[in-house]
Amino acid sequence: MNVTNINETSNNFQDEKLSLYYIVSMLFVLSSIVLTTLIGNFLVITAILTTKSLKTVTNSFILSLAVADTLVAIFVLPLSIYMVIFNKWIFGDLICHLWISCDVGLCTASILNLCCISLDRYFAITRPLKYSRQRSPKLAKIMIAFVWIFSFAITCPPILGWKDPFRKENECTLHLRLSYRIYSSLGSFYLPCIIMIFVYIRIFKVIHNREKYLKNSNNFSFFNKEKRKKKLNNSDDKNTEKIVQNIFKKIRHNSNSNTNEFNKKESTISLLNFKSKNSLTKITSENNLVGEKLAGEAASPHKGSSLGSFKTQENVKRLKNGNQEQMRLIKESKAAKTLAIVVGGFIVSWFPFFIMYVLEAILPLGTISKAWVDWITWLGYVNSAINPFIYAFCSKQFRMAFYRISLGSLKTSSQTSSIKYVNNFLASNNTNNNLYVNKQNQSNGYFSNSNQSFPMLVGNYYHQKNRNGRNSENF
């Protein structure tokens, strides 16, 4: 009998020890997620509000997203930690309804803000001219207002009377009625997810088609720096010499050798040099044709010079347009990559939860264990923590703003302490410095007031020295 009691006591002690380890470890992990969410989204909000270059229409959606994620970390996650650890509800029905409403509403707002960001990128890339005229802070405010109104409209039915018949005492779980779960999951996840996937596929196709068009275009090799550098490095002076020899042969064959022809040849060579510097790849492949054209045009110097001027303007115009297209393509590709990371993080975080969210209402109660429900739910919450890191890794402006905000207070405190140190140093050494400067000024014939402070004396000393130097230069 005593042995049995000892074994039971030992087992209870082991269970309590494991339970304590579980509580401490879960508290540490989940609190770290909450803290990361708060700090990251606080940096995003502060960066947008304090950095002029970040106050754009697109970033207004990011600001709304960061506000939603911050509110999730404040009003939803702490009570969720309590439910994970203690697995019971002691705060009453009113707090339970408010907590569930905040959970559903704020997470929906976060997801719909991501959808607005995707739509904004989609219209900016696929319809740049039309959307640039319609895009405005007012339109962004209307879209953001719709996001928040629609988000809390999804949470209203349970509050207005769509009660959950399956809820037990000392429990606070999401609404288990299947009709409500289908309604809320469609508005909160499935429709936004379909829109975001469709938008990303369209953006990818548009960028791919533009890149393909530029590669197939004759202008692409002209303004593509990487290809131009590679081709210039592989070319040598022998190609240019051969072209010059072909041109001279054509000129000697079609005209008499005199002084005028010599001048015409010089203009031809200068035109060749211009072309060899700016479009050597074309000349290398078509040297005979270029030689024949230039030899025929050499008979008229005015015609040759006007041709060179026209082609110069044309090449400059093509270069400018090509560079603009290339820069726009680079920006669009970067935006598409950022959007892909955002959409990917969103799907990975929330897709398992909303699958479980519907299945839990279809399957018998208890089929899905509470541990799985907790882990999958927190996987969705993690999406609120990773969004700031996505912007930091993908946007140099956000990185610089985060760096400035993080080190701003440290720099301010260090500058204040440095100023205090300098002031104290000057005050403590004021008497000795005055005596030294007075002696120095007297030995050099300068007049100084003994009542002047050390900084003023030093300033007077160097001012007088500079004046003497300028006078000596005048002599």
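Any Cβ shown, glycine's included, is placed from N, Cα and C.
Bear in mind that TrEMBL entries carry predicted annotations, made automatically and left uncurated.
Annotated in TrEMBL:
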TRANSMEM  20-49  transmembrane segment
DOMAIN    40-391  domain 'G-protein coupled receptors family 1 profile'
TRANSMEM  61-86  transmembrane segment
TRANSMEM  98-119  transmembrane segment
TRANSMEM  139-160  transmembrane segment
TRANSMEM  180-201  transmembrane segment
TRANSMEM  338-363  transmembrane segment
TRANSMEM  375-394  transmembrane segment
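Below 8 angstroms of C-beta separation, residues 111, 114, 117-118, 121, 174, 176-178, 181-182, 185, 188-190, 193, 196-197, 199-200, 203, 372-373, 376-377, 379-380, 382-383, 386-387, 390-391, 393-395 of the same chain, each at least six residues beyond the ends of the transmembrane segment (338-363), sit close to that stretch. For the transmembrane segment (98-119), same-chain residues at least 6 beyond its ends with a Cβ under 8 Å from one of its own Cβ atoms are 58, 61-62, 64-65, 68-69, 71-72, 75-76, 79-80, 91, 143-144, 147-148, 150-152, 154-155, 158-159, 172, 174-175, 184, 187-189, 192, 195-196, 199-200, 339, 342-343, 346, 350, 380-381, 383-384. Sequence-distant contacts of the transmembrane segment (139-160) (same chain, at least 6 residues past either end, Cβ-Cβ under 8 Å): 57, 60-61, 64, 97, 100-102, 104-106, 108-109, 112-113, 116, 120, 175, 180, 183-184, 187-188. Fewer than three CB pairs closer than 8 A are found between the transmembrane segment (20-49) and the transmembrane segment (180-201), and contact between the two stretches is not assigned (pairs 6 or more residues apart).
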